[in-house]
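Q: When I checked TrEMBL for this same protein, it listed these features:
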DOMAIN    49-99  domain 'Inner membrane component'
TRANSMEM  52-78  transmembrane segment
TRANSMEM  156-179  transmembrane segment
TRANSMEM  234-254  transmembrane segment
TRANSMEM  260-282  transmembrane segment
DOMAIN    266-385  domain 'Sodium/calcium exchanger membrane region'
TRANSMEM  294-315  transmembrane segment
TRANSMEM  369-389  transmembrane segment
TRANSMEM  436-456  transmembrane segment
TRANSMEM  488-507  transmembrane segment
DOMAIN    488-630  domain 'Sodium/calcium exchanger membrane region'
TRANSMEM  519-539  transmembrane segment
TRANSMEM  560-579  transmembrane segment
TRANSMEM  585-606  transmembrane segment
TRANSMEM  613-633  transmembrane segment
């Protein structure tokens, strides 16, 4: 069968924004979304590392709390039935694995009885303990019963708070999400039932189907596959990181004078908040594109596809212009280069290594990779054309020179040298370099649009990937998109606004880091500022590589690299026309050599259309070597 690859610069990953039919999902994934009310024929041993971890983190103090609440309810006398229930649940929550909680039906003739015997309870190994059933149950109904009032006032709120703490903690740990489901179900179902309708049983290996509704039945506290879990199409990691965005915004704008935290913490929080926001923006773009025609999808991608990076870059340039600090412009150039180098070397290299661990040899669409490589050569050549022009015609100016031989005609050692484009009142720059920059900034987006038309209209067959039926189950089903167009649009706009606020906070608090840090500003730009916003894309690439779909992994990196050169940089140049900043399209020699070498190496690796983990290791190692070069490089002149 065929599926459509990611077409360069066009993030249209329908597999991430559409709901896969339930019958086509694996048993592992089905177990993630199942309710904890299914009894297995053979659950296996319950003594596992995850269950022991539950006992150490939650089980012991939850059990003690239930015993304490049971004592309080027994003291009230009228709440004695709930005291008995809490006593039984204390043993259950100490070790809930391999046990079941049932909702049993009470015959009308026995509802007024105060005692009930004969029911099997495996928790105590024999008959169910005698429970006190208040007579007001029949007289005035369950919710008007005195014992129920005492329970809802004294016992239930305390246990809700405890289970809420367990639920939040387990959810944030992700692998313990079954514990979160256990606590939520206990709070919403078990604790609101009349005591005589709750029955706890220990399940045996050959358990016959239980009579009555099973409310809770848990065998494992931990499941390592919960990293695949999604809520309404949103990955659980993105859901858990969303509160971080709120904390960052509140802390950043309320504590503007750094009374509570310093600039380093606020900068780190703002940078981390960019990750979930970039994920939501990517999901919204993909959802709109999946439900739109070519023109709308292309416009949305071109408009919002690079909004994450552009928001940060523009706010940094504005701050640098207001302060008259050239460092911000140099940091932006470093971040642009770092994104380009990282997406050309690190992203495909890491996907090759991780995918190569599971698959001995991986093949990919060499023709589509060749199209992206050609666009990369074109874009890199266009972006660095003004830099090469300035090297040829610019005047070399050095900040400090020393005579090594003490001879006026001898050798001189110079520091902080750069090519001055403003000689003779900037004639070279304004008459030659600047028109070249504007010309390149027009040609690159035009080439981007031509490439989109080529790959999405006239030559779509190049991007068809042949995948066996075992990799494409349910190909006959129509895809159902998680988010509607309007919902995706609202999420896109809200995420963009939050992204702008986080980018403003990041640039506001980056200044102390740049001035006080002993690390080169080059290194900060090419690592932290460049790669953190791309982490969601890296995770997507790894998932595709594990599914033996390396073409998508490679195209993810190429897509970002192409957008850096053909969209982000021209937009920054256009921005400087309306808002003058210190940003010029003239890069340092280190940026030029690193970028060109990366593109040449990537093109050489991708020539034969197949790869393994060794070739991926080469790309990753070259990337780390370049990082080492940036780490030991001196900071840009003027910073």
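Start at 1 and count along the chain as shown; that gives each residue its number.
Positions of Cβ are set from backbone N, Cα and C atoms, glycine also.
Mind running through what each feature is packed against?
A: When Cβ-Cβ distances below 8 Å are used as the criterion, the transmembrane segment (52-78) is approached by residues 84-87, 89-91, 93-96, 134, 146-147, 150-151, 154-155, 158-159, 162-163, 166, 169-170, 176, 179, 221-222 of the same chain, each at least six residues removed from its ends.
Counting residues 6+ beyond its ends, the transmembrane segment (156-179) has Cβ neighbours under 8 Å at 32, 36, 50, 53-54, 57-58, 62, 65-66, 69, 86, 186-187, 191-192, 218, 220-224, 226-227, 229, 236-237, 240 in the same chain.
Counting same-chain residues at least six beyond the ends of the transmembrane segment (234-254), those with a Cβ under 8 angstroms from any Cβ of the stretch are 171-172, 174, 177, 226-227, 260-261, 266, 269-270, 272-273, 275-277, 279-280, 283, 498, 501-502, 505, 508-509, 536.
Under 8 Å from some Cβ of the transmembrane segment (260-282) lie the Cβ atoms of residues 11, 234-235, 237-238, 241-242, 244-245, 247-249, 251-252, 304, 307-308, 312, 491-492, 495-496, 498-499, 502-503, 505-506, 508-513, 528-529, 532-537, all in the same chain and six or more residues away from its ends.
If one looks beyond the transmembrane segment (369-389) by at least 6 residues along the same chain, the residues whose Cβ comes under 8 Å of a Cβ in the stretch are 8, 340, 344, 432-433, 436-437, 440, 443-444, 447-448, 451, 454-455, 462, 551, 554-555, 558-559, 561-562, 565-566, 569, 584-587, 592, 595-596, 599, 602-603, 606, 609.
Proximity of distant same-chain residues to the transmembrane segment (488-507), defined by a Cβ-Cβ separation under 8 Å and at least 6 residues beyond the stretch ends, is recorded for 245, 248-249, 252-253, 266-267, 269-271, 273-274, 277-278, 280-281, 283-285, 287-288, 304, 307-308, 311-312, 315-316, 318-319, 328.
In terms of DSSP secondary structure, the domain 'Sodium/calcium exchanger membrane region' (488-630) contains 117 helix, 2 strand, 24 coil.
Listed by sequence, the residues of this chain that lie at least six past the ends of the transmembrane segment (519-539) yet keep a Cβ under 8 A from its Cβ atoms are 238, 271-272, 274-275, 278-279, 282, 308-309, 312, 327, 330-339, 341-343, 346-347, 350, 513, 556, 560, 590, 626-627, 630-636, 639.
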Q: When you scan the chain for residues with a C-beta under 8 Å from the transmembrane segment (560-579), skipping those not six or more beyond its ends, what do you find?
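A: For the transmembrane segment (560-579), the far contacts come to 8-9, 302, 305-306, 309-310, 313-314, 317-318, 321, 332, 336, 339-340, 343-344, 347, 372, 375-376, 379-380, 382-383, 437-438, 440-442, 444-445, 447-448, 451, 534, 537, 585.
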Q: With helix taken as DSSP H, G or I, strand as E or B and everything else coil, how many residues of the domain 'Sodium/calcium exchanger membrane region' (266-385) land in each class?
A: 104 helix, 2 strand, 14 coil
